[in-house]
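Q: Pasting a structure here, questions to come.
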Ligand SMILES: Cc1cc2nc3c(=O)[nH]c(=O)nc-3n(C[C@H](O)[C@H](O)[C@H](O)COP(=O)(O)O)c2cc1C
């Protein structure tokens, strides 16, 4: 039985392209493994707190105050949820050329020195290996080709964040030109669905 962790971060609810495609990805995966256990986390509806001067030591150093201990507890919970997953599906809309701050806050909690990555003689080493990640990237414009490529701080950033924790098997599903009009949105959804259907078992 596989474990699937699903993270959504779009603020657009029913109108969201990434949420639609994330749901399709989950359907695709659970059709292949009907016994899969799926855990959903909605980072937009239930945002994680930003790290603060009063909490940061709980995640990045030693927790010694109640606020730091609470931050540590939350970080532990998120890491355990991630560690348990064989497959992670992430809905990542492009917001201001990068990712939603709610998704970034999740990375702030799960990237923990000595726990999910460590520094060695050979440089940084990600400790959450052996996972498969599917990222649905929805974008108003076009960034996979042409002049927009230079402004894509979403996909390279996500690749770096995930890879830093050891998650290097990442498939990006790009739904682009959503802002160009309904027919472009429809085309992007159809193309992305075709990509999802081709995901290896
Ligand atoms: C706050 C905000 C910032 C956005 N910034 C960008 C951007 O920098 N580039 C872009 O192409 N689209 C941008 N968009 C458009 C979204 O990427 C697009 O609507 C996409 O479909 C959002 O994903 P969703 O449909 O899953 O919500 C932005 C949308 C919002 C709400």
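Including glycine, each Cβ sits where the backbone N, Cα and C put it.
No curator has checked TrEMBL annotations; they are predicted automatically.
Feature table excerpt (TrEMBL):
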- 3-198: domain 'Flavodoxin-like fold' (DOMAIN)
- 10, 16, 17, 18, 94, 95, 96, 97, 138, 139, 140, 141: FMN binding site (BINDING)
Q: Can you name the residues of this chain that are 6 or more positions from residue 138 (FMN binding site) yet have a C-beta less than 8 Å from its C-beta?
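A: Listed in sequence order, they are 10, 16, 17, 18, 21, 91, 92, 93, 94, 175, 178, 188.
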Q: Among the binding-site residues 10, 17, 96, whose Cβ has the fewest other Cβ atoms within 10 Å?
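A: The binding-site residues 10, 17, 96 were compared, and 96 has the fewest Cβ atoms within 10 Å.
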Q: Just counting, how many other CB atoms are there within 10 A of the CB of residue 94 (FMN binding site)?
A: 24
Q: Given the FMN binding site residues 10, 16, 17, 18, 94, 95, 96, 97, 138, 139, 140, 141 in the record, what is the largest Cα to Cα distance, rounded to whole Å?
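A: Between the outermost Cα atoms of 10, 16, 17, 18, 94, 95, 96, 97, 138, 139, 140, 141, the distance is 17 Å.
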Q: Just to be sure I understand the packing, how many Cβ atoms besides its own are within 10 Å of the Cβ of residue 140 (FMN binding site)?
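A: Within a 10 Å radius of the Cβ of residue 140 (FMN binding site) lie 16 other Cβ atoms.
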Q: In this predicted model, what is the average pLDDT of the domain 'Flavodoxin-like fold' (3-198)?
A: 98
Q: For residue 17 (FMN binding site), which of the three DSSP-derived states applies: helix, strand, or coil?
A: helix
